[in-house]
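A.B. asks: Below: one structure in C-alpha cells.
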Amino acid sequence: MYTLSAGIWEKFFKKKDYYVVIVGLDNAGKTTFLEQTKSHFVKDYGVLNPSKITATVGLNTGNVELNNTCLHFWDLGGQESLRELWATYYDDANAMIFVVDATRSDLFPIVASQFKEVMANEIVQNIPVLVAVNKSEMEGAAAAAEVRMLLEDDNHRSDLAVLPVSALEGTNIERCVHWIVRSLASQPLYL
Amino acid sequence: MDKVSHVLRNGWNWIKLKFLALWHFLFRRKSDEPEFYDPEAMASKKASGTLPPQQQVVHKVIMVGTGGVGKSALTLQFMYDEFVEEYEPTKADSYRKKVVLDGEECSIDILDTAGQEDYSAIRDNYYRSGEGFICVFSILDMESFEATNEFREQILRVKNSDSSVPIVLVGNKGDMRDQRVVSAELCRQRAEQWGCHYVETSAKRRENVDKVFYDLMREMKRRKGGSQAQTGIDASASSGRKKRSGIKKHCTIL
Ligand SMILES: Nc1nc2c(ncn2[C@@H]2O[C@H](COP(=O)(O)OP(=O)(O)OP(=O)(O)O)[C@@H](O)[C@H]2O)c(=O)[nH]1
Ligand SMILES: Nc1nc2c(ncn2[C@@H]2O[C@H](COP(=O)(O)OP(=O)(O)O)[C@@H](O)[C@H]2O)c(=O)[nH]1
Ligand SMILES: [Mg+2]
Ligand SMILES: [Mg+2]
C-alpha cells in the first residue's frame, strides 16, 4: 500500500524529468538553439552573446522547467570526429532534436545519411524526434517541407515534427519546446 | 468571464491529464510488452513477405487554405488535444504520428502549410507528395471560402487532373455559427460539385475534428487497396485487448 501511494504521489506531484539530446552537423546551430531556449524559458537568464558561441567539443547542458516537466538538454558537438559520441547519450534520452542548417543545401546529402544513421538506433526509433530546420530567416534557406522530404524514414515509430526555426532570432523556439513536452506525454490515436 | 472559463478549462484539462496518468499507472505498467509491437503479427507479416517487419503504411495529408482559418489549430487539436488562442502564422510545419485506424496500425503525416505561398515550384513539389488534402476555410470569412476553389485547382493541376484525389472540404470555426457568413447551403453545394465530403468543425471545441481525419484516412486507405478487413467504427470504442486482436486478425489476412 505504501509503495502504491508513494508511486501515485510520485506520478502526479513530482516533476517529471526528461532528457533531450540535441544533435546535428557542426555549425548547424545546436548551441545557439539551446541558448535561445534557455533565454525563453529560464527566468533572468543572461543570454550569451551569439558571437561568443564556439564549436562545441564536450557537452553543453541546460534545464528548462514548464508544466510540471523538467527538460534536461544535452547539446553535443557536431564535428565529424565527435559524431560517434552521440550514441553514448541515446540510452538515457527521452527525446531528440536534430538540427539542420537550411542554408547549406550542399551538405544535405551528408545530413540525410547522418539522419539515417541516427534513425538506425533502436532507442531513437522509439522516442519523439524534432527536426529543427534552422537559419530559416536567411534568404535562400531551404523550406522545411523540402528538408522533410530529404529525411523520409520508415523506421521511426514515435512522433516526429519538422519545424522551421531561427535560433538566432528565436523564431519558433517556443513551439519546438512545447511540441517536445506534448509529444513526451502523447499516446497513439485511436480512430 | 473569459478568465473564469479559461481557468475552468485549464483545471479540467489538468484533471483529465492526471486521470489519464493514473489510468496508465494502474493498468498499463504490468504489460512489459510494448503495446503496438505484436511479435506474432510481425512474424506472420515477415513470413508472408509482403512488408518488412517495421515498415508500415503512412498516410500523407496536406492542410491547405488561406491564413488564419484554423489549419494549425485543427492539426494540433487532432494530434495533441490542444488549442492555442493566439495566432502565430505557420511557415510549413510537418508532423508524423502513430494512429490506429479501424484496429490497424499506421502513421499519419501532416504537412501544415502557410496561407500564402510565394514560391510555387517548391509548393508543387510537396503537393505532389501529398496523398490526401484537407481544404480549410472559415465559415466567418467569405474570401477564405472563395479561395478554396483555387486551392483545389492547384491540387488537381499537380495531380494531373485526377479528380479522384481524396479531398475533404472543411468549414472551421463552427463554434461561432451565429456570426456565419458562408451559408451551410453554399458549403454543401461546393462539396457536391467537387464530389467530396463537407465537414463543419470547431478546432476550439474539438467538434468533428477526428471525423475530418478519419474520413480522409479511410478514403486514402481504400485507394491504396489495403482494406479487406473492415472492423468498423466500433473498434474505436473497444478495449485495448480487443484492438490488439484486431491487428492480429488483419495481419493474418495479409
Ligand atoms: N543566420 C543564422 N545563423 C545562425 C542561426 N543559428 C545559429 N547560427 C550561427 O551558426 C553558427 C554555428 O552555431 P552553433 O550554435 O555554434 O552551431 P553548433 O551546431 O552548436 O556547432 P557544433 O557545436 O560545432 O556542433 C554561429 O555562427 C551561429 O551564430 C540562425 O538561426 N540563423
Ligand atoms: N473561434 C474559433 N477560433 C479558431 C478556431 N480555429 C482556429 N481559431 C483561431 O483562428 C486563428 C488562426 O488559427 P490558425 O490555426 O493559426 O490558422 P492557420 O493560419 O489556418 O493555421 C487563431 O487565433 C485561432 O485561435 C475555431 O474553431 N474557432
Ligand atoms: Mg555547439
Ligand atoms: Mg497555421
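Here the Cβ of each residue, glycine as well, is placed from N, Cα and C on the backbone.
These came from TrEMBL, pasted as-is:
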- A:Gly24, A:Leu25, A:Asp26, A:Asn27, A:Ala28, A:Gly29, A:Lys30, A:Thr31, A:Gly78, A:Asn134, A:Lys135, A:Ser136, A:Glu137: GTP binding site (BINDING)
- A:Thr31, A:Thr56: Mg(2+) binding site (BINDING)
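What does the local environment look like for each feature on the list?
C.D. replies: Long-range Cβ proximity for A:Gly24 (GTP binding site), meaning a same-chain Cβ under 8 A and a gap of 6 or more residues, is found for A:Lys30, A:Gly78, A:Ile97, A:Phe98, A:Val99, A:Val100, A:Asp101, A:Val111, A:Gln114, A:Ala132. A strand conformation is recorded for A:Gly24 (GTP binding site) in the three-state DSSP classification.
Its own atom aside, the Cβ of A:Thr56 (Mg(2+) binding site) has 18 Cβ atoms within 10 angstroms in the protein chains shown.
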A.B. asks: To the nearest Å, how far is the Cα of A:Thr56 (Mg(2+) binding site) from the Cα of A:Asp26 (GTP binding site)?
C.D. replies: 8
A.B. asks: As a check: which entries in A:Lys30, A:Thr31, A:Thr56, A:Lys135, the binding-site residues, place their Cβ less than 6 Å from an atom of ligand 3?
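C.D. replies: The ones that qualify, in sequence order, are A:Lys30, A:Thr31, A:Thr56.
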A.B. asks: Using Cα coordinates, what distance in whole Å links A:Thr31 (Mg(2+) binding site) and A:Glu137 (GTP binding site)?
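C.D. replies: A:Thr31 (Mg(2+) binding site) to A:Glu137 (GTP binding site), Cα-Cα distance: 17 Å.
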A.B. asks: Can you give me the same-chain residues 6 or more apart in sequence from A:Lys135 (GTP binding site) with a CB-CB distance under 8 Å?
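C.D. replies: Same-chain residues close to A:Lys135 (GTP binding site) (Cβ under 8 Å, separated by 6 or more) are A:Gly29, A:Asp101, A:Ala102, A:Thr103, A:Ala141, A:Ser166, A:Ala167, A:Leu168.
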